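Pulled from TrEMBL, these are the features on record:
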| type | residues | note |
| --- | --- | --- |
| COMPBIAS | 541-556 | compositional bias 'Acidic residues' |
| COMPBIAS | 557-570 | compositional bias 'Basic and acidic residues' |
| DOMAIN | 59-196 | domain 'Thioredoxin' |
| DOMAIN | 395-539 | domain 'Thioredoxin' |
| REGION | 39-78 | region 'Disordered' |
| REGION | 541-570 | region 'Disordered' |
| SIGNAL | 1-32 | signal peptide |
Amino acid sequence: MWLCKSKSPVSLLAMRSHLLLFSLTLLLSVRAQEDIRQRAGDASSGAEQNAEEIPGVEQDEGAASPQEERAQEQEESVSDELLEEEGVLVLNQHNFARALQETKFLLVEFYAPWCTHCQALAPEYTKAAQILMEEFTHLRLAKVDGQEERDLLEEFNVNGYPTLKFFRDGNRTNPIAYTGRSDSGGIVKWMQRQIGPSAILLEEEVRAELLINSQELIAIGFFKDLTDPDVKVFYEIARNTMDITFGITEQSELFQKYGITKDTVVLFKKFDEKRVDFPVDEDLGLDNMELSQFLLLNSLELVMEYSQQNGDRIFAVKVPNHILLFINKTMEAHLLLLQNFRGAAPSFKGKIIFVFIDINGESANVMDYFNLTSKDVPAIRFINVETSQRFLFSADEITSKTVMTFCNDVLNKKIKHIMISEEPPEGWDKHPVKILVGKTFEEVVYDETKNVFVEFYAPWSTHSKELEPIWEQLGEKYKDHENIIIAKIDATANEIDGLRVRGFPNLKYFPAGPDRKMIDYTRNRTLELFSKFLDSGGVLPEEETEIQNSEAETEKEELRKSQEARKNEL
């Protein structure tokens, strides 16, 4: 709230005669108010003196006045009120505790108004909140504006937007990270799995058969003793694995029917080998990570068509080697090549993920990442998503045998990975911001006499576009500095050996000298902070920084938006 300062009293002698009456009236009013304040002060002083004189009464020098106490009480009574927008609770540091106290199951989104991912999530989150409100009375969805509630961000270790955390039974110290999808259906399903039984208890053969036949994927835990600690691990995995339906049984009849002799988790599926077993180690017990990865890997088809819907599943599997077939599904000849491609997949299960992309489908932009056009299709590319190394399939024909040979050669390091680079544009070094490509990167960035500040960007990245005018200003500011170079490089079209870029824009500083050092710039992207960073020789400003923009597209978003190659958190 804005306050106006009152003007100083004006001498009566300086007033014109026609204002004399008004001034006298004003003066009397002011003096009357001063007398009232003086008497109130005397009374207060007397009261304090009397309090000091009464034996056993201690004077609290920091005590608030009755008016202040009432104001504080009124503020507190208002501040912890639970407001909501379209079924979503709006939380802050004052009412957060009350929300936990009154809501048995609470999912909280920490967001920022400027975050485009938060904006995309908002309607889905609202829809999920309204669906769940109709079904449950003890479950709510809520949101916290991270820009306004810094203390809550620090308390719950929120490092990016949006971040979703699940609170159970008012427990404030151990929230659970949300692991579901970002659509309303995924949110609803995840919440239902958290508050209800995560696995269906199977006691009859008929019900087990019915469940297996009705689901694309179902994992059934066969445990001889449902009080065994391994059962708790099984339930935890079931609670956080949304793409699989879970069942559990201890019935000996079911053990016998499905040929189970010891505690085992069986994944039944309607594709590929139909059934895969995961025996529980009798000595070590059930390992959460091992079973989770087993289920993730075996829930994928041997050859997956890439799409936004299954992209998360593909990259959740910790298999870094991916081979991609680009085809036109409308062409019969290409579908025959897909069958050949599929024939090579079983030999590399667990070692290589086989994926195909329809160039007429929603993921056609993956071609951009590999510098392919529709004229190059059909084509095969191989990539290690941990190192970003790519390998070129050069056989004349795509057969099961040539694909298997190619995969073995890559795994055995008989093929050298390719490095892509654009051609240097004309006049690339004549502008305040130098335009680098893979071919010119080494000579410019590792010049021992120069300090080089490089923006690694993606043409499709909204944040790269937002940074562009600031980066141009920075280049203009330092264009006459002999030992400072401001540069940029399209990281989607150029590769640098040994340098992997995660998220866009990505800013790296290469100081002068023979050591080839590199410093990641992780502060706010402003001209002022960039200048401080450069003037200090690459020392990051010790200024309060905004939470790093989770919209600086994570690895997962890179895959979805430009080339579908590997978010942050993801």
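Cβ atoms here come from the backbone N, Cα and C positions, even for glycine.
Taking H, G and I as helix, E and B as strand and the rest as coil, DSSP gives the domain 'Thioredoxin' (395-539) the counts 45 helix, 28 strand, 72 coil.
Secondary structure of the domain 'Thioredoxin' (59-196) per DSSP (helix as H, G, I; strand as E, B; remaining residues coil): 59 helix, 29 strand, 50 coil. Mean pLDDT for the domain 'Thioredoxin' (59-196) in this predicted model: 87.
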